[in-house]
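Enquirer: OK, TrEMBL features for this one:
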DOMAIN    3-216  domain 'Cytidylate kinase'
BINDING   GLY7, PRO8, SER9, GLY10, THR11, GLY12, LYS13, SER14, SER15  ATP binding site
REGION    223-246  region 'Disordered'
COMPBIAS  233-246  compositional bias 'Basic and acidic residues'
Amino acid sequence: MIVAIDGPSGTGKSSTSKSVAAALGLSYLDTGAQYRAITWWMLSNGVPVDDQAAVAAAAGKPVIVSGTDPAAPTIAVDGADASVPIRTEEVTAAVSAVSAVPEVRTRITALQRSIAAEAAGGIVVEGRDIGTTVLPDADLKIFLTASPEARAARRSGELKGKEATDVSATREALIKRDAADSGRKTSPLKKADDAVEVDTTELTLEQVVECVVTLVDEAVAAKAGRDAPAGRTDGEKDEKAGQISP
Ligand SMILES: Nc1ncnc2c1ncn2[C@@H]1O[C@H](COP(=O)(O)OP(=O)(O)O)[C@@H](O)[C@H]1O
Ligand SMILES: Nc1ccn([C@@H]2O[C@H](COP(=O)(O)OP(=O)(O)O)[C@@H](O)[C@H]2O)c(=O)n1
């Protein structure tokens, strides 16, 4: 079971994906953390993030490793834990420019596909282009939305000090990042045609999780129906299998 959850910032992708994965025993991948990690590496290594050619030339250098346990997801760059530094304002302001570089996307997309392929028990992958580009054959695609006001209020609730009170600055920064992510040439933020859209503005996190768990259960049932050979019951299938390999 592969579940793709996309949408702009503050719609609840990370919180929902982690809870759904934990509830259903699936792995979890935060692809935004990977783009943040490569951005942090560029900033730490003096690569000018507005210089596409410089970013492209360095795109293959950092070694990024994601841990996919939804109860304790991890992100490491060149062997060091990067979970704290990738959340700074500096990284947040630079990540859209770095993630728009095609060489960066090619590398990170390949990494994401290999992680999804290795997740034998299934995985929830969240980001911006999972349903459209990274995993177009996902069993279930969800696109989360929410009003800019709700998203800004949620995000500023997470920030400390002065930023926490400045909801309008957070809102402007969010809108700017959405525009950059939606407007880029390579793999923009976009709802896949076959994604289910869930507007979370008026929903609690618990309600969103419940809604997504129901959608996953339905997708699992539909997949089981598709995989069962036509015209045979499960009992007949077991009997037949038993004859071939006792
Ligand atoms: N439906 C919701 N109602 C209220 N707060 C929410 C809801 N969904 C998420 N949040 C909160 O909003 C913040 C941003 O959520 P997050 O899951 O990080 O969003 P995203 O990954 O889409 O950027 C978190 O503090 C989270 O707890
Ligand atoms: N699949 C993805 C995921 C993130 N990103 C980029 O990474 C940035 C950070 O993603 P994130 O999910 O951590 O952002 P938040 O919504 O948590 O603030 C986004 O603004 C995009 O520029 C992307 O391009 N493609």
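Cβ coordinates are placed from backbone N, Cα and C, and glycine is handled just like the others.
Curation plays no part in TrEMBL annotations; they are all automatic predictions.
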Enquirer: Name them in sequence order: residues not among GLY7, PRO8, SER9, GLY10, THR11, GLY12, LYS13, SER14, SER15 whose Cβ is within 8 Å of the mean position of the Cβ atoms defining the ATP site.
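Expert: Here the nearby residues are THR16, GLU126, LEU144, ALA146, ARG151, THR200.
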Enquirer: Have a look around LYS13 (ATP binding site) and count the other CB atoms within 10 A of its CB, chains all included.
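Expert: Taking every protein chain into account, the count is 26.
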Enquirer: May I ask which residues of the same chain, at least 6 positions away in sequence, place their Cβ under 8 angstroms from the Cβ of SER15 (ATP binding site)?
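Expert: The answer is LEU205.
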Enquirer: Counting across all protein chains present, how many other Cβ atoms fall within 10 Å of the Cβ of THR11 (ATP binding site)?
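Expert: There are 25 of them.
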Enquirer: Long-range same-chain neighbours of SER9 (ATP binding site), Cβ under 8 Å, sequence gap at least 6?
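Expert: ARG151, ARG155, LEU174, ARG177, ASP178 - these are the non-local Cβ neighbours of SER9 (ATP binding site), listed in sequence order.
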Enquirer: In terms of DSSP three-state secondary structure, what is the assignment for SER15 (ATP binding site)?
Expert: helix
